[in-house]
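For reference, the structure I am asking about is given below.
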Amino acid sequence: MKLIAFAFVAILALVQGDSAKQCDLDACKIDSNCRCSNSPSPLDGSLGDWPQLVSLTFDDAITEKVYNDYLDPLLFSRTNPDNNPIGVTFFVPHEYTNYQRVNDLYNIGFEIGVHSITKNPLQSYWRSASEEDLVKEFEGQRHIISKFAGIPVEKIMGVRTPQLQLSGNNSIKAYVQAGLTYDSSWPSLPAKRMFPYTLDYKSTEDCLLGAKCPNEPFEGFWILPINDLVGNEGKECSVVSACRIQGTADEIANWLTSQVEGVRTTTKVPMTLMFNSGWFNSTENSEAGFIKFLDNLLEKEDVFLVSQKQVMDWIKSPVKLADFQTESEQDDPANCDKTKCIVKKGKEDRNFNICTECPSVYPWIGNPDGN
Ligand SMILES: *[C@@H]1O[C@H](CO)[C@@H](O)[C@H](O)[C@H]1NC(C)=O
Ligand SMILES: *[C@@H]1O[C@H](CO)[C@@H](O)[C@H](O)[C@H]1NC(C)=O
């Protein structure tokens, strides 16, 4: 009887999980892949001795048009102050994505992460999604990218939930089950900029935008906070398009530069900047402004454009400017047997450009292989 009761309690504990505890700064050490959300800044001494890391991130479908009109002219053949190519992270959603282009982005040296299969535009879908549905979205998309863009699955480590709407513990449970290592969906206000941290203990990050934030412990799982920007009329914004900045190319560039300068001169927390093709397409002078902004940034000896993965690597071992090096070019390119398929999604025909044989149907939630 005792044994049965014990087993029952154990199962209950497994199902419900325990609430995360206040972070113990002495127990949570970076050598054991743990960092408290309220740990003091690791950048001791003079701020000038440290690099300012900036991640440009995108979560649009990688279509031929986006690739040719925006990604190629804006991002390719740019280098960091140490002459290595810049790092960028693409959180790739499934629908309309051309996986041959994803393969190209990977081979240039950019980081490929997971966005989701459906990129459902409803906030409520993500906020209240079950663990099971989220596993289908994220594990499914990690599998799709790996299979159809030919990218080794272990290189796909990061994830961004659409609409930045975490569904509490469910999201992180699904991430872990999908084999992912870090999240890039949790915004923090400019008054409380944060360094990346792990979820071994309770997070002290505020829960914004009506999202549900996790509060169970997740050992060694990293949060890369999106430190918000200050947009038009002083309003905080996570996505650059939501900042509603308009003007000449110089005005747009100066605003973007001032957002990085505000951090570079105070805390040097890594910055995650979220761009999308809709902003470039619909905001006048945005492309020219963006180019000037990158030119401004890369003139500074201590600013580096790096992938989110490199931000995570750096915080685990925060080296100073003198020892900091960005990642060099991709030295292990992924193969692509280019195949153009037309496959059915329901009754619709879909173009599906991939690096392997055509599946029977368009891969989708619950059927990532397209069998
Ligand atoms: C997360 O799990 C903890 C512990 O079981 C529970 O107290 C909390 O309500 C859950 N929160 C969310 C948002 O899922
Ligand atoms: C840009 O906007 C136009 C008009 O709204 C649209 O037709 C076009 O497909 C868009 N291009 C991209 C790359 O989003």
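Using N, Cα and C of the backbone, Cβ positions are placed for all residues, glycine too.
Annotations per TrEMBL:
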SIGNAL    1-20  signal peptide
DOMAIN    52-182  domain 'NodB homology'
What is the number of residues in the domain 'NodB homology' (52-182) that are helix, strand and coil, as DSSP sees it?
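DSSP composition of the domain 'NodB homology' (52-182): 61 helix, 25 strand, 45 coil.
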Can you give me the average pLDDT across the domain 'NodB homology' (52-182), rounded to a whole number?
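Averaged over the domain 'NodB homology' (52-182), per-residue pLDDT gives 97.
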